[in-house]
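**Q** According to Swiss-Prot, the record shows the following:
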- 909-923: compositional bias 'Basic and acidic residues' (COMPBIAS)
- 34-133: domain 'Cadherin 1' (DOMAIN)
- 157-242: domain 'Cadherin 2' (DOMAIN)
- 243-350: domain 'Cadherin 3' (DOMAIN)
- 351-455: domain 'Cadherin 4' (DOMAIN)
- 456-565: domain 'Cadherin 5' (DOMAIN)
- 581-678: domain 'Cadherin 6' (DOMAIN)
- Asn257: N-linked glycosylation site (CARBOHYD)
- Asn265: N-linked glycosylation site (CARBOHYD)
- Asn386: N-linked glycosylation site (CARBOHYD)
- Asn548: N-linked glycosylation site (CARBOHYD)
- 799-802: repeat 'PXXP 1' (REPEAT)
Amino acid sequence: MVFTPEDRLGKQCLLLPLLLLAAWKVGSGQLHYSVPEEAKHGTFVGRIAQDLGLELAELVPRLFRMASKDREDLLEVNLQNGILFVNSRIDREELCGRSAECSIHLEVIVDRPLQVFHVDVEVRDINDNPPLFPVEEQRVLIYESRLPDSVFPLEGASDADVGSNSILTYKLSSSEYFGLDVKINSDDNKQIGLLLKKSLDREEAPAHNLFLTATDGGKPELTGTVQLLVTVLDVNDNAPTFEQSEYEVRIFENADNGTTVIRLNASDRDEGANGAISYSFNSLVAAMVIDHFSIDRNTGEIVIRGNLDFEQENLYKILIDATDKGHPPMAGHCTVLVRILDKNDNVPEIALTSLSLPVREDAQFGTVIALISVNDLDSGANGQVNCSLTPHVPFKLVSTFKNYYSLVLDSALDRESVSAYELVVTARDGGSPSLWATASLSVEVADMNDNAPAFAQPEYTVFVKENNPPGCHIFTVSARDADAQENALVSYSLVERRVGERALSSYISVHAESGKVYALQPLDHEELELLQFQVSARDAGVPPLGSNVTLQVFVLDENDNAPALLAPRVGGTGGAVSELVPRSLGAGQVVAKVRAVDADSGYNAWLSYELQPPASSARFPFRVGLYTGEISTTRVLDEADSPRHRLLVLVKDHGEPALTATATVLVSLVESGQAPKASSRASVGAAGPEAALVDVNVYLIIAICAVSSLLVLTLLLYTALRCSAPPTEGACTADKPTLVCSSAVGSWSYSQQRRQRVCSGEGPPKMDLMAFSPSLSPCPIMMGKAENQDLNEDHDAKPRQPNPDWRYSASLRAGMHSSVHLEEAGILRAGPGGPDQQWPTVSSATPEPEAGEVSPPVGAGVNSNSWTFKYGPGNPKQSGPGELPDKFIIPGSPAIISIRQEPTNSQIDKSDFITFGKKEETKKKKKKKKGNKTQEKKEKGNSTTDNSDQ
């Protein structure tokens, strides 16, 4: 059979009415249950399966289910036992509100066949809601003038329950003024009100606090409470009142205008405008009262508005009204009696006359400064006046007669300590209480020229480089004068003196106002190393006062002098030195010596010598000592050497920049028989050396004796002149001379007599002779002792090997014509803050560069005008404690003495040792080496041909 879609739709439409008809027949029955609200979960409601006639076994197969229009989760059926129970909390007020009937409608549906059952579950009300007022507190405003039995409506409470649970009864807390009025209106609701039982008085009780309680009819009873705040409103039923009906006030006659006489205070028990009080004079008050007094309407303060006078009126009677601002206004009254008291109302008067200002600081004690008069208009004790002065001042008051005083000087004045005094004169009368008056007086102290200008320190040390531009500023002196005005106006001037043959003002100028010191011309260190002078500072007072300050201007050396070659011993062409040298001369022999001097000092005068060898010669046979200038052979001369050599020696100082000079030495190689000088050098150490030196030593002895005699005569003459000459300002002191020594490492030590007189500007410079003190322990050198005197002694006093040859420099003669000064040696040490020049040192461990060459100078600047030691090769030995250092300097002469200790096995040649007036003739020894080696000789000191330079 084939069905079309239209056939299927027709059959479905026919089946639906049949099902609805069957369901209507089955569900025609209805069940009713009841359950209290707020029942717990699982509370039994009813056996719904049994009541519907269903078997428990068919509940699940027939798909037993339950539906509700309300919340479906409130009730549930247990399919195992068919019991309907409470599934969740049921709140009747939430479910049905305030409705009298409240039920839950359920539809129970089962299939096979389809059946629908209607079940109504009634929710019973329980008393679970207390009465509630709309607010926690109610405010009630009542005027105190309301009559008793007046009713004021109140807001009632409400209860969410129904039935007897919502029936409310009200109760008011106990009060003598209020009761509760309850009425039932047309809709059976209770209308409550507050009943006034007794008249109110705001001044006694401005507010009342009541409690209204509502109770429902449930079991158990539930209550609700609201607080009633009753505020009593004021009415103007009280007049202002004063504490007293009459007040008495005493006031002095000299009270100022605006002085408070009394402050009245009236009170009104009312509030607001009813209690606001204004004060005023009564209409019956006399005009005299209004002229002398006034009253503040708001505060009730009575003040003085006119001058009171005890002699005119001593009592005032004032009527006062206090009125509130109520309706109608009410007033209170009082009387104020003002009694005027007599008073010491006249302050002493002070008059200053005959002022003698300012006061000289040298004024005598008792000098009258001012006259003071006092006056008091009062009489009796009120008119008796005493005067006093500011304490701790050098003045006092002296009473001349009644009410007249003199201000006089009581102690010495010092304007520099206190330039002005502010005095306060106090006049006090004898009243009770007493009155006083003060007068200020400014006393200035006139300055007197009692303070000389003072410098910060008595001596200044200034360092100026030589060759300064003319007029350059070198220093500024400043003196302070404690005085004032013209007495403190300081002017500066130079204390004139002679500097050698010239006036000090030709060197130095001082600006009179600023104190700036200027060098008027370039200073020359070689001419003037120290310029010591004084600057005077004087004020403009009458008479003027002054003081001096000493300035020590040290002229610092600059390298402005190039080395100068000394005149050659034998004239040659073009200024060159010609030397004849035998070809048989061995290696290391001195053939010539270049001598040069440098007028500078320190490093600027430290000379070094360099030989410029020709470019064509690979084995040049000559060399020059770096610091000695001695030209010696480097090897044995042979026939291959050129017969003539032109040697160019470059002499250079150590300044910045270095300055140089060039010396030319012409060396001619000749046979031994053709050169006497060369043969004499070559014959040193031959069979008869003593015979070759006999004639030379004779001349040396004669020359030394002559020089010694001249020295003794000079010393005697100088001593006589110094003893007979009167002392002059700035003369040199006769302190012990200073011997300056260098230690083994080149440091300098000085004797206790640190400074000698530096005669810069004290007569002709460099004219004093300095003797060397032999008592100085650091430098145990004894001049003028006998032969074989050991110059170097150690702590054990063991004899040491004699010194090598001493050679008397040819240029020392120039130094003998001048005095020996510390400043000439370049080692001057000034006073506080003065210079301390230290020169480069050479360690005793430094290996010597070549034979016969003097090591670099240790100490001051060096030139050939010096004592010179000549020695053979070998390293210097460091001296032990108490021994004489390797090098020392004779102060006052640009000289260096080098003492070298030869090795034990070294060959030593000895020459003459020249001292001041004594001579030790040493012998020369010769040692020959085996083989065909050339015999080497080491010469200490100058050759005998050099004695002519002495």
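Glycine residues also receive a Cβ, built from the backbone N, Cα and C atoms like all the rest.
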**Q** Considering Cα atoms only, can you say which of Asn257, Asn265, Asn548 is the nearest neighbour of Asn386 (N-linked glycosylation site) among these glycosylation sites?
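**A** Among Asn257, Asn265, Asn548, Asn257.
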**Q** Cβ distance under 8 Å to Asn257 (N-linked glycosylation site), same chain, sequence separation 6 or more: which residues?
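**A** Once residues fewer than 6 apart are set aside, Asn257 (N-linked glycosylation site) is near Val303, Ile304, Arg305, Gly306, Asn307.
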**Q** Can you tell me the CA-to-CA distance separating Asn548 (N-linked glycosylation site) and Asn265 (N-linked glycosylation site), as a whole number of Å?
**A** 85
**Q** From the DSSP assignment alone, can you count helix, strand and coil residues within the domain 'Cadherin 5' (456-565)?
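**A** So the domain 'Cadherin 5' (456-565) is made up of 7 helix, 51 strand, 52 coil.
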**Q** Are there any residues at least 6 positions away along the chain from Asn265 (N-linked glycosylation site) with a Cβ closer than 8 Å to its Cβ? List them or say none.
**A** Phe242, Glu243, Gly300
**Q** Over the span of the domain 'Cadherin 6' (581-678), count residues by DSSP class, listing helix, strand and coil in order.
**A** 10 helix, 40 strand, 48 coil
**Q** Within 10 angstroms of the C-beta of Asn548 (N-linked glycosylation site), what count of other C-beta atoms is obtained when all protein chains are considered?
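**A** Counting Cβ neighbours of Asn548 (N-linked glycosylation site) within 10 Å gives 17.
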**Q** Under a three-state reading of DSSP, tell me whether Asn386 (N-linked glycosylation site) is helix, strand or coil.
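**A** Reduced to three states, the DSSP call for Asn386 (N-linked glycosylation site) is strand.
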**Q** What's the number of neighbouring CB atoms sitting within 10 A of the CB on Asn386 (N-linked glycosylation site)?
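**A** The answer is 16.
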**Q** Hey, does DSSP put Asn257 (N-linked glycosylation site) in a helix, a strand, or just coil?
**A** coil
**Q** Can you check what DSSP calls Asn265 (N-linked glycosylation site), collapsed to helix, strand or coil?
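**A** SS state of Asn265 (N-linked glycosylation site) = coil.
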**Q** Can you tell me how the residues of the domain 'Cadherin 2' (157-242) break down into helix, strand and coil by DSSP?
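**A** Reading the DSSP string over the domain 'Cadherin 2' (157-242) gives 4 helix, 41 strand, 41 coil.
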